[in-house]
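Heads up, the thing below is written out as structure tokens.
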Amino acid sequence: MWGIKGSFAVLLLLFLAYIFASSVNADSLSAPLNVTIKALEGNSAIVTWDILEGDPVIGFAITQQKKDVRMLRFIQEVNTTTRSCALWDLEEDTEYIVHVQSISMSGTSPPSEPVLFRTPKESEKLASKSPDEVTMEEVGQAAQLRAGELIIIVVVLVMWAGVIALFCRQYDIIKDNEPNNNKDKAKNSSECSTPEHPTGGLLRSKV
């Protein structure tokens with residue numbers, strides 16, 4: 001009887017020890033550090049973070065919440081080593097709170113320190129942009145415009161070159177035909193001159 005009870009007690013202790021070890025491993029996973037909001041737009045943002053070296057992290061979980069609103073958005077991704085995540089479908093001029101957690105095989109880490117940020121209005125973004133500031137998108141558009149202009153210029157030059165070449169060819173043909181035309185004119189003029197008498201004298205009209 002005591003043998004059965006003793007075996008059951010040993011199994012119970014082993015099970016409790018396993019649960020305790022799992023909870024310790026999960027608790028030993030540190031919360032993400034240096035949580036930062038970057039590339040803040042009116043309807044999107046990018047959250048970045050760091051982890052302690054040596055933490056067996058296999059993914060992350062992000063909790064996004066509007067300030068003073070209970071509704072949450074939960075983003076989770078595993079089998080990744082990325083340290084950033086895009087937040088989308090945000091509302092302009094709205095405050096949000098973000099927490100980040102690391103995920104390991106044993107569970108999740110405690111949440112990071114909350115990060116509060118506010119999305120700007122589109123008008124504020126345009127006003128804050130200096131006249132000399134040039135974005136990569138604008139640079140790309142300018143490059144496309146320049147490429148289009150160059151293509152048009154090249155096409156026009158090729159067309160003009162073709163027209164000039166055709167004109168030169170026609171001019172050469174006309175110039176080559178001029179001696180033949182002169183010969184024909186001289187021949188025609190000689191045939192139309194005053195005919196000579198068969199005996200060698202010129203025909204004269206009788207008075």
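Cβ atoms are placed via backbone N, Cα and C, with glycine included.
According to Swiss-Prot, the features are:
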{"type": "SIGNAL", "residues": "1-26", "note": "signal peptide"}
{"type": "TOPO_DOM", "residues": "27-146", "note": "topological domain 'Extracellular'"}
{"type": "DOMAIN", "residues": "31-122", "note": "domain 'Fibronectin type-III'"}
{"type": "CARBOHYD", "residues": "ASN34", "note": "N-linked glycosylation site"}
{"type": "SITE", "residues": "ARG73", "note": "site 'Required for dimerization'"}
{"type": "CARBOHYD", "residues": "ASN79", "note": "N-linked glycosylation site"}
{"type": "TRANSMEM", "residues": "147-167", "note": "transmembrane segment"}
{"type": "TOPO_DOM", "residues": "168-207", "note": "topological domain 'Cytoplasmic'"}
{"type": "REGION", "residues": "178-207", "note": "region 'Disordered'"}
{"type": "COMPBIAS", "residues": "178-188", "note": "compositional bias 'Basic and acidic residues'"}
Tell me the residue counts in helix, strand and coil for the topological domain 'Extracellular' (27-146), as DSSP assigns them. 20 helix, 47 strand, 53 coil
Near ASN34 (N-linked glycosylation site), how many other Cβ atoms are within 10 Å of its Cβ? 11
In sequence order, what residues of the same chain, 6+ apart, have a Cβ less than 8 Å from the Cβ of ARG73 (site 'Required for dimerization')? THR63, GLN64, GLN65
For ASN79 (N-linked glycosylation site), nearby residues of its own chain (Cβ under 8 Å, 6 or more apart in sequence): ILE58, GLY59
If I take every residue in the topological domain 'Extracellular' (27-146) and average their pLDDT values, what number comes out? 87
